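**Q** When I checked TrEMBL for this same protein, it listed these features:
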DOMAIN    5-43  domain 'Sphingolipid delta4-desaturase N-terminal'
TRANSMEM  68-87  transmembrane segment
TRANSMEM  107-124  transmembrane segment
TRANSMEM  187-204  transmembrane segment
TRANSMEM  210-231  transmembrane segment
Amino acid sequence: MGNRVTREDFEWVYTEQPHTQRRKEILAKYPEIKTLMGPDPHLKWIVSGMVFTQFLACYLVKDLSWKWIFFWAYGFGGCINHSLTLAIHDISHNVAFGNKQAKWNRWFAVFANLPIGIPYSASFKKYHIDHHRYLGGDSLDVDIPTDFEGWFFCTPLRKLLWLFLQPLFYSLRPLYVNPKAITRMEIFNALVQFSIDLIIYYLWGLKPIIYLIAGTILCMGVHPISGHFIAEHYMFLKGYETYSYYGPLNWLTFNVGYHMEHHDFPSIPGCRLPMVKKIAAEYYDNLPHHQSWIRVLWDFVFDDAIGPYSRVKRLCKLAKES
């Protein structure tokens, strides 16, 4: 394997995140980008179609053998569920019904959550705003791995295990890093989710439930789509903490690959992020970006210089709540 160059700490910086300044510069030069902000009128119909497709799949898999349950969970249902988590990501920015209908966005996110099998949308919303406001913020941005993750998952085999366990770390890390009080919306999210799970179990048995939850877990671990988790903010090149991907998997993931553009303009829905890149091309064309999410996963596992420690961290002051 040669000499290891495994990182032993995060990349600490003492500057503000780059997105704030770039947003100001782009808007000053291209004020027409403001017209791209606002709801995506097609999102609610696309998401509804995906939800009902999964309900139909629950009926179709109820009599399959277990090997086919897991096959279809990984190859089909999990892809839809992962895509729905990214729809929930977009909805958390109020792009389904607009900022004036914030509650409609929260309720619709609970609906989009149903095929995922476990309550997720309300908790995601609660923490995701901090990821944008305090990108890389120590003890504030729960997208950053813990010191234990960085220290322990430092060899190819351990990093592969970490990718398999990524859904577990992703869901439990906030409770350790930055615990927050449970909200009414989280309780509502859980009650609705478990009620639907019980109805599915009553109608069609255990296999559809396993199909939904297994698909969610498997496709958020080692799966081509899950490459975006690593691609977005892991520091593959020193000095760059956010990366975009412009490949075909964006068609399945609500353009989450346009991640530099998203952090610059989080209120612009995914469907319009390619227009941001087109309008302000000189701000993005020369920035490093990924060509393949599969290659990202491969490099993460086998490149000794990349691991959970490959993240930028900074100290951030808490913003005053309005």
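Glycine is treated like the rest: Cβ placed from N, Cα and C.
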**Q** Cβ under 8 Å to the transmembrane segment (68-87), counting only same-chain residues 6 or more beyond its ends: which ones?
**A** 43, 46-47, 50-51, 53-54, 57, 61, 112-113, 115-117, 120, 124, 207, 210-212, 214-220, 223, 225-226, 228, 252-254, 256, 270
**Q** Taking residues 6+ outside the transmembrane segment (210-231), which of them lie with a CB under 8 Å of any CB in it?
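**A** 54, 57-58, 61, 69-70, 72-74, 76-83, 85-86, 115-118, 160, 163-167, 170, 200, 243, 245, 249, 252-253, 256-257, 259, 290, 292-294, 296-297, 300.
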**Q** Averaged across the domain 'Sphingolipid delta4-desaturase N-terminal' (5-43), what pLDDT does the model get? Just tell me the whole number, please.
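**A** Its mean pLDDT is 94.
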**Q** With DSSP, how much of the domain 'Sphingolipid delta4-desaturase N-terminal' (5-43) is helix, how much strand and how much coil, in residues?
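**A** Result for the domain 'Sphingolipid delta4-desaturase N-terminal' (5-43), in helix, strand, coil order: 19 helix, 2 strand, 18 coil.
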